[in-house]
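Since the structure comes first, as structure tokens, the remarks are kept for the end.
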Amino acid sequence: MDQSQKEVWDDSELRNAFETALHEFKKYHSIEAKGGVSDPDSRLDGEKLISAARTEESISKLEEGEQMINQQTETTLEGDTHIQQFADNKGLSDEKPETRAAETHQEFMEVPPPIRGLTYDETYKKLIMSWYYAGYYTGLAEGLAKSEQRKD
């Protein structure tokens, strides 16, 4: 089975499958362009209820996490003040250790909140990767088309 390099690297089937998937995607996602659903709020009530339930669940999980972080931070700050007092050569400073610890604490607490409503399961990861590969092969196809046009 001696295959030439051209046969080995032939991705025409993959490109055809991608073009078919792209055509199908455009067909189903062009409903708004054809004037089908113009108001995004006119979706089914069931979808609204499900998304609201997921949002409430996410909010409650975030609040629980924030409470745990606050409790851990309080115990950490208490320990930090004792460490800072003994770490200083003099043992005392002009500034209170609680003030320094609070300033340090504020620097670390300015992390942006996570995006609500997302769950990172295997299906979601596969969806993200499929969009990545779709974009990659779209760019590849466009690049090849442009290079073929330049040759002509």
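Heads up, the Cβ atoms here are built off N, Cα and C, so glycines get one too.
Summarising the annotation, Swiss-Prot assigns region 'Interacts with yip11/gem2' to 26-51.
For 88-110, the entry in Swiss-Prot reads region 'Disordered'.
The compositional bias 'Basic and acidic residues' annotation in Swiss-Prot covers 91-108.
As annotated by Swiss-Prot, region 'May interact with gem8' applies to 130-152, with the evidence given as experimental evidence. Sequence-distant contacts of the region 'May interact with gem8' (130-152), counting only residues of its own chain at least 6 positions beyond either end whose CB sits under 8 Å from a CB of the stretch, comprise 14-15, 18, 21-22.
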Counts by DSSP class (helix H/G/I, strand E/B, coil) across the region 'May interact with gem8' (130-152): 22 helix, 0 strand, 1 coil
